[in-house]
Every structure is written in structure tokens, then in C-alpha cells.
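*Asks:* Let me begin by handing over the structure; questions about it come next.
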Ligand SMILES: O=C(CO)COP(=O)(O)O
């Protein structure tokens with residue numbers, strides 16, 4: 001944790017969730033009400049189809065919603081794309097960009113991720129820019145260099161803690177039950193903070209929330225959230241169960 005930063009726990013529902021699952025968000029809102037909400041910010045990034053009804057269901061709570069991706073373009077003949085302005089129109093406050101599943105399955109490169117982050121910022125959304133190395137890259141001792149390159153290519157210049165969140169998600173830890181050691185997380189998050197300092201200036205970099213993501217669950221959250229320069233979590237599978245997501249949130253509080 002960074003003392004001056006209020007942690008953020010964001011749930012990435014990925015391609016899961018129908019209208020019948022909106023009750024999960026309502027249950028999370030009930031659990032966040034009270035002391036917890038003074039200690040930790042929460043966001044849920046459902047599939048685009050649920051953004052509007054989920055935001056509506058969360059009115060009166062302090063839980064934000066976000067998209068899982070956005071187009072780098074404003075509007076026009078781009079079948080299947082969803083613009084950042086559309087996400088904002090549906091009530092989103094965040095947009096995940098550069099998730100490893102987009103980078104791997106959709107061939108998104110750093111320049112695309114950066115353009116998407118800029119599009120999000122232009123629509124007054126806060127992009128959650130994801131970075132992280134593969135298993136091969138870690139085993140080859142290249143994790144720090146890979147993430148540094150992704151940051152340089154993906155983070156819009158001029159961003160501040162109010163307009164940017166960065167998520168470190170080692171690809172090999174996503175959905176696998178594996179997590180890096182706390183020493184590895186500490187090393188990576190310190191390196192990310194230092195690199196952001198070079199890109200954005202030290203003062204801005206000091207206020208950017210750095211989330212850890214990859215197999216976060218209630219049982220390991222306290223340990224991971226206790227690492228310096230970890231300012232919250234980006235949660236996949238465990239965000240689909242209200243009690244698990246709230247357990248992770250409580251570990252930050
Ligand atoms: O990809 C993730 C969040 O964006 C992490 O997913 P899991 O928490 O399921 O490992």
C-alpha cells in the first residue's frame with residue numbers, strides 16, 4: 001500500500017454475466033456500504049451489455065463501473081466497436097485497456113493500447129492500463145524489461161493519478177491460481193513507479209494507483225495488498241462472487 005493513496009479494487013467480469021447476475025453487484029454494494037467505503041474504492045467492469053443496467057443498479061452506492069476495452073476511434077463505420085464516449089454515456093468511469101487477453105487474442109500492441117488510453121481520457125474515463133510479462137519472459141529474466149517497454153509504449157504522457165490507473169498482471173498468473181512472490185511483486189511495482197516517474201514526472205507518478213492482478217482471492221489478498229506500491233487489485237474470477245470480491249476489498253481496508 002501507498003499511504004497517501006486510497007486503494008482501488010476493480011472487478012473484471014470478462015465475458016461473464018447476464019441481467020440475472022446484476023444481483024451480484026447489488027450484494028457487493030450492500031457489503032461496501034459503511035466503514036469499508038471510506039477505506040477502499042470499488043469498481044466493476046461488466047460486459048458492455050450490462051454497463052448501463054449495472055450503473056443504474058448501483059445508483060446510491062459508491063461503486064463505479066467500467067468498460068473492459070474501448071475503441072481507439074471516436075465514431076463511424078467500425079462494426080462491433082464500442083467507443084469510450086459510449087461507455088461514458090452508459091455510466092462508466094473506467095475503461096480497462098491493454099488487458100493481456102486483448103494483447104494476446106486480438107493482437108493489440110502498445111501503440112494501440114496507448115491510443116485507447118488516450119481515447120478513454122478524452123471521454124473523461126480513467127483508463128486502467130494493463131501490463132505484464134509471460135511465463136517465458138519471466139523465466140528468461142526479462143520481466144522488468146518487458147513491462148518497462150509496455151509502459152513506455154502504452155501510457156499517455158501527461159497522465160496523473162486522477163486520469164490513470166496501471167495494473168500489473170503477470171500473464172502466467174491470470175486464471176491459473178499462481179501468484180508471484182511478494183518480493184517479485186514489490187520489485188515490479190517499485191520499478192513501475194520509477195518508470196512512470198520518468199514518463200510522467202515524479203509527482204504525478206507518485207499518485208497513480210498501481211493495481212496487482214492475477215489469481216487474487218480473499219486468502220492471498222492481505223499478503224499481496226500489504227506489498228509496498230500495491231494500491232489495490234484487478235480481480236477476474238473472484239469478482240464474480242460478491243463475498244470473495246468483498247473479502248479482497250476488506251484486505252485493503
Ligand atoms: O485477468 C485478470 C483481471 O483482469 C485476473 O484474472 P483472475 O483473477 O481470474 O486470475
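Backbone N, Cα and C atoms are what each Cβ position is placed from, and that goes for glycine too.
Heads up, here are the entries from TrEMBL:
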BINDING   12, 13, 14, 175, 215, 236, 237  substrate binding site
ACT_SITE  99  active site, electrophile
ACT_SITE  169  active site, proton acceptor
*Asks:* Please work out the number of neighbouring Cβ atoms within 10 Å of the Cβ of residue 13 (substrate binding site), leaving out its own Cβ.
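*Replies:* Other Cβ atoms within 10 Å of residue 13 (substrate binding site): 21.
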*Asks:* For a Cβ distance below 6 Å to any atom of ligand 1, name the binding-site residues from 13, 14, 175 that qualify, or say none.
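*Replies:* Only 175 meet the Cβ criterion.
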*Asks:* Return the residue, from the listed binding-site residues 12, 215, with the maximum count of other C-beta atoms within 10 angstroms of its C-beta.
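*Replies:* Selected residue: 12.
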*Asks:* Near the Cβ of residue 14 (substrate binding site), how many other Cβ atoms are there if near means within 10 Å?
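*Replies:* Total other Cβ atoms inside 10 Å, all chains included: 19.
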*Asks:* If I restrict to non-local contacts, at least six residues apart, and a C-beta distance under 8 angstroms, what lies near residue 169 (active site, proton acceptor) in its own chain?
*Replies:* 99, 100, 130, 131, 132, 212, 213, 214, 234
*Asks:* Return the count of C-beta atoms lying within 10 angstroms of the C-beta of residue 236 (substrate binding site), excluding that atom itself.
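*Replies:* Total other Cβ atoms inside 10 Å, all chains included: 20.
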*Asks:* Which residue among the binding-site residues 175, 237 has the fewest other Cβ atoms within 10 Å of its Cβ, if you could check?
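*Replies:* Comparing Cβ neighbours within 10 Å for the binding-site residues 175, 237, 175 has the fewest.
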*Asks:* Around residue 99 (active site, electrophile), how many other CB atoms lie within 10 A of its CB?
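*Replies:* I get 28 for this one.
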